[in-house]
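Colleague: Can you keep this structure in mind? I'll have questions shortly.
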Amino acid sequence: MKIFEDYASSWHWILIGLVIAMIMSLLFLVLLRFTAGVLFWIFILGVIGIIGYGIWHCYWEYDHLQGTPGSDLTIYDIGFQTDFRVYLQLRQTWLAFMIILCIVEVIIILMLIFLRNRIRIAIALLQEGSRAIGYIMSTLFYPIITFILIAICISYWAVTAVFLSTSGEPVYKVMANQTLCKYANMTCDPETFNTTNVTKLCLGAQCTFAFYGGESLYHKYILIFQLSNVFVFLWLVNFAIALGQCTLAGAFASYYWAFRKPADIPPCPLFSSFGRAIRYHTGSLAFGSLILAIVQLIRIILEYLDHKLKGTQNSFTRFLLCCLKCCFWCLEKFIKFINRNAYIMIAIYGKNFCTSAKEAFFLLMRNVVRVAVLDKVTDFLLFLGKLLVAGGVGVLAFFFFTHRIPVFTQEAPTLNYYWVPLLTVIIGSYLIAHGFFSVYAMCVDTLFLCFCEDLERNDGSTAKPYYMSASLHRILGKKELSPKKAMG
């Protein structure tokens, strides 16, 4: 009741916090156009500095322990110890730490030296993504449509599951002490139960509802119907996500392939892309969603078997189930990655799913280093953005609710539990930022595939000019103007 009262008195203030989160997310995406490189290099230099400090500290501890009794023993001499502090008294431990940190430091520096051009390309693509979203602002609100479609799918699954669970005749059983009553757990009829001898032989026995069931063929295979319902649910949810990815990819691809930006961008690119996806690509999206749904259903069945056999399985069975779950988890991640890039190729060229998946896979393999660099840079910046949005709004909400800071001449309400609206605002802000940044991630992935296609199809000549922005062209320079050199 107190929690409900807190929500009733603070719901409009929670909405204000979520609106602030939306504004902060938009500002972060806009600022990425100017600060993506700065944020990334600050982070990299910070990591290098922290590791350098760790190397110095390990050397200081190693030198400080010189001459200390027992510090020259090896890890092999003292064996396994549950107290980790014992190892910190050995010079060999700090020497090992220092060597490991030196190796990591050298690897990071070498990667920065040899991958500096690809890192610059990744940052330029991030800035280009921010610019593309600035021209097609409607894409930021498309996740609302995806959310509505998924909500409909969840509602359909829940209603169907309830109808399946409650189908059949109600079964009533005798509830009594099993040691004193031989009729315990036997079926009964609640209308005639009081007239039978059970109440006389078993004092306190009751005829209570147990479950819905029956003896027909339908009731025997009710579990199969429930699994089919789950499979349809997974298929529909994956299709809704695939439709959103293909729609956004089509809109951002129309931005990249516009020779003069923004003059050549078609009007209403998001609406046009949505219409093309519905009219021409429904079968391809459904096929890709079907493959993913099958793998997800197998994972659910494996989890169900693991739960049911947990008390009876031997070590080999546990190992086998663990391996199967791990393999199908990896397979699901791989299929999601392939599907995402296949939908981008479908939105660009309009080919079927298999052809688009094959072309996307080989295109990514020809640019595997760029894929890895772009993926890590994008993940870092977007994760940083989510933390900034959720943390910033959370700090504002904390001071607002605890100090009752007035907004629009109205003080914050007095609450029973301040953590109720505070956690709601933080979680809601994180989800809002995730929705906005998922669009941005799709934009960057689309622009990257278009960029790789642009390098392979064109050579920068008058007959085959590049469609990339001037910043990307400057970064490439003259060394990667030919398609053969662009495949590294």
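From the backbone N, Cα and C atoms, a Cβ is placed for every residue, glycine too.
Curation does not apply to TrEMBL; its annotations are automatic.
When I checked TrEMBL for this same protein, it listed these features:
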TRANSMEM  12-31  transmembrane segment
TRANSMEM  38-56  transmembrane segment
TRANSMEM  94-115  transmembrane segment
TRANSMEM  135-159  transmembrane segment
TRANSMEM  232-259  transmembrane segment
TRANSMEM  280-302  transmembrane segment
TRANSMEM  380-401  transmembrane segment
TRANSMEM  422-442  transmembrane segment
Colleague: For the transmembrane segment (380-401), name the stretch out of 135-159, 232-259, 422-442 with the most CB-CB pairs under 8 Å.
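Modeller: Most Cβ pairs under 8 Å with the transmembrane segment (380-401) come from 422-442.
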Colleague: Can at least 3 Cβ pairs under 8 A be found between the transmembrane segment (422-442) and the transmembrane segment (232-259), with each pair 6 or more apart in sequence?
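Modeller: When sequence-distant Cβ pairs are counted, the transmembrane segment (232-259) touches the transmembrane segment (422-442), since at least 3 lie under 8 Å.
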Colleague: Mind pulling out the one from 38-56, 135-159, 232-259, 280-302 with the most Cβ pairs under 8 angstroms to the transmembrane segment (94-115)?
Modeller: 38-56
Colleague: Same chain, outside the transmembrane segment (232-259) by at least 6, Cβ under 8 Å from its Cβ: which residues?
Modeller: 129, 132, 135-136, 139, 142-143, 145-146, 149-150, 153-154, 156-157, 265-266, 269-270, 272-274, 276-278, 281, 285-286, 288-290, 292-293, 296-297, 339-340, 343-344, 346-348, 439, 442-443, 445-447, 450-451, 454, 465, 467-468
Colleague: Can you name the far-off residues of the same chain, 6+ from the ends of the transmembrane segment (38-56), with a Cβ under 8 Å from a Cβ of it?
Modeller: 97-98, 101-102, 104-105, 108-109, 112, 119, 123, 377, 380-381, 384
